[in-house]
Every structure is written in structure tokens, then in C-alpha cells.
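What Swiss-Prot annotates here:
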type	residues	note
BINDING	GLY8, ARG11, ARG91, ARG137, ARG140	CTP binding site
BINDING	GLY8, ARG11, ARG91, ARG137, ARG140	ATP binding site
BINDING	ASP21, ASP23	Mg(2+) binding site
DOMAIN	228-329	domain 'HD'
Amino acid sequence: MKIYKVGGAVRDRLLGIKVTDIDRVVVGATTEEMLAKGFKPVGADFPVFLDPKNGDEYALARTERKSGRGYGGFVFHASPEVTLEEDLIRRDLTINAMAEDDDGNLTDPYHGLRDLEARILRHVSPAFAEDPLRVLRVARFAARYAHLGFTVAPETLELMRQLSESGELEALTPERSWKEISRALMEDQPQVFIQVLRDCAALKTLMPEVDALFGVPQPEAHHPEIDTGVHTLSVLEQAALHKQPLTVRWACLLHDLGKGTTPVDKLPQHIAHEHRGLKLIKAVNERFKVPRDCQELALLVGQYHTHGHRALELKASTLLELLQSFDVYRRPQRFEEFAIACEMDARGRKGLEQRIYPQADYLRGAAKAAREVAVAPLLEKGYKGPELGEALKRERLKALKAYKEQPIL
């Protein structure tokens, strides 16, 4: 029995990145031997065990054979006869197909170290195409390591393109797709993930609504970058630079989907794109079974982001309607994320990334003014039920009118 560290633990150590999770492969062992040593079985499809002392994961060396469509269509074979090289060849990328023993000796049959030093993401073998989820994984790795200069090998990108065009991506479950998408969006350069998906023709299958934005012009006076797709990537990039949560990043990606449906004869103007985008945002949310908080913010940002940009010009009554749409009195954080998403939208324009965005603080001030209206005096006056709600609305409107009369600092 021999035990090796494999995959990300080896890759990240060689890159000088802190290793957080360690996966190990066991060569020359049986399930019975692992159980006899006290390991706890956890794998449903193939033999994976946990060390009860520290929770580390150990998997028996295995091979796999394609048996059906999608990422789940595989037959696995684990036995003491499976070699380390046979186990490593089933992995996605050469940089993930290296192993290391306890003495630090590297096993690298597929030249992962060479590709690591050259900053190349390259598939190990043609078997890469047997798992469509790998298209998303490679795009995610491209986003994760973009700051180190990693790029996808041309032949790997071509294989990803063939896989995208084969229809195999349609076999992915919403849950597995969203897991990869959400992880990728939380990388430091999530815009690279979207760009790689577009480069390999996967974006038009996974998110055709986003793919449709590329090549759609906007007025140069407001958008020096002109292209709506380029703008969307820039907005997402700004959200990542400002360390925003997944809810904000998802909303930034989807906020302008309506612009992809603007009639050609109306370009480059996009009148009512906010309203037209709502059904598209809803469709993407449903396609990937997106968590409710991400769904809700994406829809609200899509509908109201131009309100945010015009915040200083809005009437008090319109501000009140905006605050009520966000349920700002019970969910203030959601309105805060809206203000941030609007700012990221404004910063995601070529040459305007550092421009001050006073609208965000103005929106925060409006929310504060409305929230500070006390209910107790109205209760003391005898208001209750629907009448209390109307009285509260009137007082909040007064507060917003007073707020608008204050000088903008």
C-alpha cells in the first residue's frame, strides 16, 4: 500500500499557494484493508474513505469508463492492480495530474510541472471530452489563476469547443452547473470565466442571454467601451475588485440582459431594457435553480439600476416607491447591495473606473431617513391596520422630501 497527495494540494504547493484541502490516493490497497485500518467509508460511487483522526480524504486508485451521457455517465473500477499513472490519467488537466509521496518525491507522468511553469491549462488526454462539467472547471481555473498568467492551451480550448457544440452541456444538472458558476464568480477575476466560456462556445448554450450582449452597441457618450458584453464583464470585474458577495456579482452579470433584445433599428439606445430584461433574468435564475437571495437581488437590480443612477433626480415619491420595492425597512442589507451594484455598473465603463459615484451614498441617506420615521407616535394617535400603513407612508414621504432639500455634500 502506497499513499500519495494528488491534485490541488500538489499543484498549489508548487505554485507557492497555501494548501487548504489535501486529497490522497491509495495504490495497492483494498476496501477491506482500509476498513481494517479504521478508515470510514464515505464514497457512494467509488471507494473513498475518511481518516477518523483528522477527517482527511483517501480514495483508492481507480479507472473510469464512459457509459452514458453527461458528467454522471461513468463506470468506475478500483482495485489494488490500478497503478498511480492509470489513476492520474483520468484527471482533467496536467497540472492536476501530479502526485507526491510523503518524502516530497513528485510523480508527473503527463508533464504537469512543465505546464505549471509555462502557465498553461492543458487537458491530460482525449478522455477530457467524456465529462462536460470539465468545460466549466477549466474556465474556473482560468479565472482562479489568471493573475499568475495562466491561459488555456489552444488544443484544450478546441476540445472544449467541440464538447460545447456536441450538446453534452445540456446533460449537466442545474445543481452541478450552479456549483461551478458560483465558485467561479467568487474568484478574483470572474470575468475571465465568462470570457473563456464564450471563447469555447459554451456561453451561448449555458447562458445565451449573456452571450447575446456581445456586439450590441451602447451610446459612446455614456459607455466609452460601447460593447454591452464588454461592459458586463467590466462590471463583474469591478464587483470582484471591491470584494463583493455572490449576490452582487450575480446581479452585476445579469443586470443588462434586456439590452440583448433591443431592436436593431433602435440601437444604440436601449429604452425600457430594464423591463425587457426581467423575464430573461428570471429564465437564467430558474435554469440553474439559483438561491433565492441571488435571484431576488438580480431581478431588483435589473429592474431598478437606472433608478439608482438617477437617484439625485428622483422625486421623493419615486424614492419612497423604490425603498418599498426593496422592503428596505425589514431587509436593509438588500438595498445596500443594490446601491453597491449600481456603483459597480457605473464603474464598469472604460476610463471611468475611478469616478466618484455619489448616488450610492445618496440612496443610503434616503433609506436612513425613511427608516428613522417612528411608528410609536402614530400608534399613540390611534392609527392601526391599513390606516397605520398609510400614515406611515405619509410620514416617510415627508421625511424624504426634507431629505431632498438638504445640500448634497
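Yeah, the Cβs are placed from backbone N, Cα and C, and that goes for glycine too.
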Find the average pLDDT over the domain 'HD' (228-329) in the predicted model and report it.
96
Rank aside, I only need the closest one: which of the binding-site residues GLY8, ARG11, ARG91, ARG137, ARG140 has its C-alpha nearest to that of ASP21 (Mg(2+) binding site)?
GLY8
ASP23 (Mg(2+) binding site): nearby binding-site residues from ARG91, ARG137, ARG140, Cα cut-off 10 Å:
none
Pull the DSSP breakdown for the domain 'HD' (228-329) and write it out as helix, strand, coil residue counts.
77 helix, 0 strand, 25 coil
Near the CTP site, what residues other than GLY8, ARG11, ARG91, ARG137, ARG140 in the same chain have a C-beta no further than 8 Å from the centroid of the listed C-beta atoms?
GLY7, ASP92, LEU93, ILE95, ASN96, PHE141
I want to check the contact list for ARG91 (CTP binding site): same chain, sequence separation of six or more, C-beta distance under 8 angstroms. What comes out?
GLY7, ALA97, VAL124
Provide the three-state secondary structure of ASP23 (Mg(2+) binding site) computed with DSSP.
strand
